[in-house]
């Protein structure tokens with residue numbers, strides 16, 4: 001048993017060199033150059049690794065899919081190291097930079113194997129038991145390309161605090177210095193790239209997009225950052241497709257790509273797709289889209305594949321649509337292209353990557369001049385300028401930090417600089433490239449912004465460097481110079497100004513219906529979520545309006561056609577009143593004028609002038625004084641008019657009423673001017689109380705589209721009392737005049753008073769419901785119409801017939817004509833009057849001899865003398881009884 005144990009230990013000791021040699025072989029770098037300070041490099045020279053079929057033990061992975069682009073990246077580091085070594089920066093110190101470059105094979109595990117080599121060298125150098133005079137450790141590492149690899153590598157390099165500078169890893173998590181203290185990068189974080197993408201979509205009004213990414217730290221992080229920023233500004237993501245990170249499982253990859261193509265086809269309204277996938281994934285996706293003849297789309301390419309021309313052929317670009325790529329800013333890389341042209345065949349001695357490339361072009365162990373030219377052309381076409389410049393910045397940053405440390409120590413001695421000594425100098429110093437200064441920020445990033453390119457075909461080749469826009473990271477602004485794509489990518493059509501978006505519950509906010517704004521609401525931009533409300537005091541808007549309109553100030557203006565017509569009628573009324581007044585003055589001694597009332601007619605005409613003039617105060621821009629004057633002037637004027645008519649009505653009743661007892665009472669009460677003054681005084685008291693307590697005033701009434709400036713009557717109770725008082729007087733006139741409707745024709749004022757008052761009462765009864773139901777600027781016109789109807793009713797019924805008689809029927813305007821009319825009336829009413837007078841005469845036979853015949857209160861309308869007394873009736877002259885009984889009536893009529 002002891003023998004077996006000893007034998008096993010001896011075998012293990014003998015196998016240890018073999019195992020170590022095998023592991024060392026797996027960690028062998030692809031490109032090496034000696035130097036006083038060693039820099040590690042991690043570059044994706046191949047696109048992937050084959051699946052490991054045998055899991056019996058660790059195996060050296062087989063890399064597949066040679067990548068010329070990855071090779072040019074490693075050559076960019078080599079070229080920059082050589083240029084720095086020959087520069088005065090390190091030459092005067094006698095220090096050179098060396099490098100160890102590993103192929104990551106686009107695989108995290110392969111990248112970790114290369115990183116293990118860097119760590120092992122540092123550990124061996126630090127160990128005194130195994131250190132040798134020529135052993136050197138890694139001072140810094142440049143790489144890796146993808147964020148997923150950089151995250152894994154950074155965790156391992158953190159163990160020894162070896163500075164790591166990535167030239168393309170943009171995942172935002174790498175800015176967290178608490179987790180990645182030794183990591184830096186010469187490119188911006190993905191947060192800035194996704195922000196620039198969102199601004200690009202907004203600038204082109206693309207709010208319905210799809211997202212494709214690779215399953216990994218970079219793809220998921222970038223997609224999450226983009227989606228969160230897009231949703232904040234109203235951009236909706238219709239679908240998210242995640243492709244498997246590895247390309248070795250072809251069956252799974254093919255199924256996922258087929259599903260992605262189906263998804264793109266299903267979302268027909270999505271015309272813009274944002275992609276954070278890897279180049280090899282996009283190449284397969286584009287080939288599938290071309291085969292299925294899908295519609296053209298705008299592909300927004302992240303920096304992960306925006307400069308990879310191998311993704312798409314120039315023939316297929318037309319079928320795919322447009323590729324808008326985000327790439328890192330760069331300087332002129334002509335010097336690097338010249339370096340590629342000057343590569344010699346012996347360069348492959350310490351570079352297995354070049355050896356592999358050349359081997360694919362060998363012809364019977366020789367490389368022809370044509371093949372060398374083809375190799376160079378391929379390398380130049382595969383040169384991503386932004387990545388090359390980022391690598392140059394990384395190497396220069398390390399070189400200038402080394403120069404600062406070596407200026408105070410002898411760096412020609414191996415191990416003179418520890419990696420962690422280089423780290424603070426890298427972070428806090430500024431380095432220069434051809435006169436331009438660059439520095440890392442607090443997160444270890446260099447933020448230069450992005451160039452936005454539009455892929456195009458020229459001379460049968462695909463060009464990816466046509467810059468059409470720029471994103472400035474310092475002020476986070478996007479400048480578009482030459483990007484004009486007539487593409488619409490929206491779930492719903494844009495809502496026009498005057499509409500707002502209404503989203504159905506459960507749908508994307510970008511899928512909506514456009515609804516017109518309600519009245520007094522508006523939207524003044526497209527695609528607004530809600531309508532703004534107009535200021536109801538000064539503005540208005542129709543449904544579906546794009547802005548508010550100022551409310552117009554309205555009133556019943558002078559230039560309104562209706563107002564002009566009414567004012568013309570009022571003016572004509574004043575003119576007619578003046579002419580009638582002049583005519584009555586000229587014929588003041590005629591029987592017609594005296595029968596019409598004499599001086600009272602002038603008072604009535606004067607009041608009508610005031611009433612006509614009050615109509616003018618209902619027109620024009622209202623003022624407080626105007627509001628007070630118009631109602632008071634009309635009320636007093638028309639009260640005066642009706643009061644005079646009332647006196648005339650009482651006079652007629654007094655002259656022809658046959659009840660002698662009532663006649664005596666009326667004679668004592670009848671004082672014409674006192675009655676007029678009393679009636680007007682009552683109206684004056686009403687108006688005074690109205691003005692003092694709650695007077696009419698100017699007010700503003702808000703309507704939907706305008707502001708009405710009008711008069712507020714103050715107290716509508718007082719207004720009603722004023723009009724009611726006039727109506728009461730008019731009704732009294734109507735009742736009294738109605739009693740005398742059968743008087744002689746020449747004295748038939750009662751008929752005209754009846755008609756005049758009836759017109760007034762009907763007009764104002766109709767006015768009440770119309771006034772209550774009417775609003776707006778024409779409300780004053782309603783009262784104007786009623787005032788004019790009332791005035792013209794009085795004028796027409798009371799004065800125009802008299803004017804006609806004075807002017808055209810002069811024969812009727814004589815005393816004889818009037819006496820004849822009385823006689824005819826007396827004869828007509830013989831029996832009726834006799835029935836009334838006979839009982840009265842018998843009752844007062846003895847003491848009333850003169851009561852019927854002697855009428856001292858009445859005078860002859862022509863002679864102005866008292867009529868002669870008649871003899872007492874006797875049976876002998878019974879044949880003339882009718883005439884003798886009617887003699888007092890005749891005399892009364894003559895005195896009117």
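Just so you know, glycine gets a Cβ as well, placed from its N, Cα and C.
Predicted automatically and left uncurated, TrEMBL annotations should be read as such.
Ranges compared are 562-586, 812-836, 837-861, and TrEMBL records transmembrane segment for 562-586. Here TrEMBL gives transmembrane segment for one range in the set 673-693, 694-714, 862-882: that range is 673-693.
Of the given residue ranges 522-543, 632-653, TrEMBL assigns the label transmembrane segment to 632-653. Feature annotation (TrEMBL): of 479-501, 778-800, the stretch labelled transmembrane segment is 778-800. Confidence annotation: the domain 'G-protein coupled receptors family 3 profile' (562-822) carries a mean pLDDT of 82 in the model.
Using the rule of three or more Cβ pairs under 8 Å, pairs at least 6 apart in sequence, the transmembrane segment (598-620) is in contact with the transmembrane segment (778-800). Taking residue pairs at least 6 apart in sequence, the transmembrane segment (562-586) and the transmembrane segment (716-738) share fewer than three C-beta contacts under 8 angstroms. Under 8 Å from some Cβ of the transmembrane segment (750-772) lie the Cβ atoms of residues 642, 645, 648-649, 652, 723, 727, 730-731, 733-734, 737-741, 743, 779, 782-783, 786, 789-790, 793-794, 796-798, 801, all in the same chain and six or more residues away from its ends.
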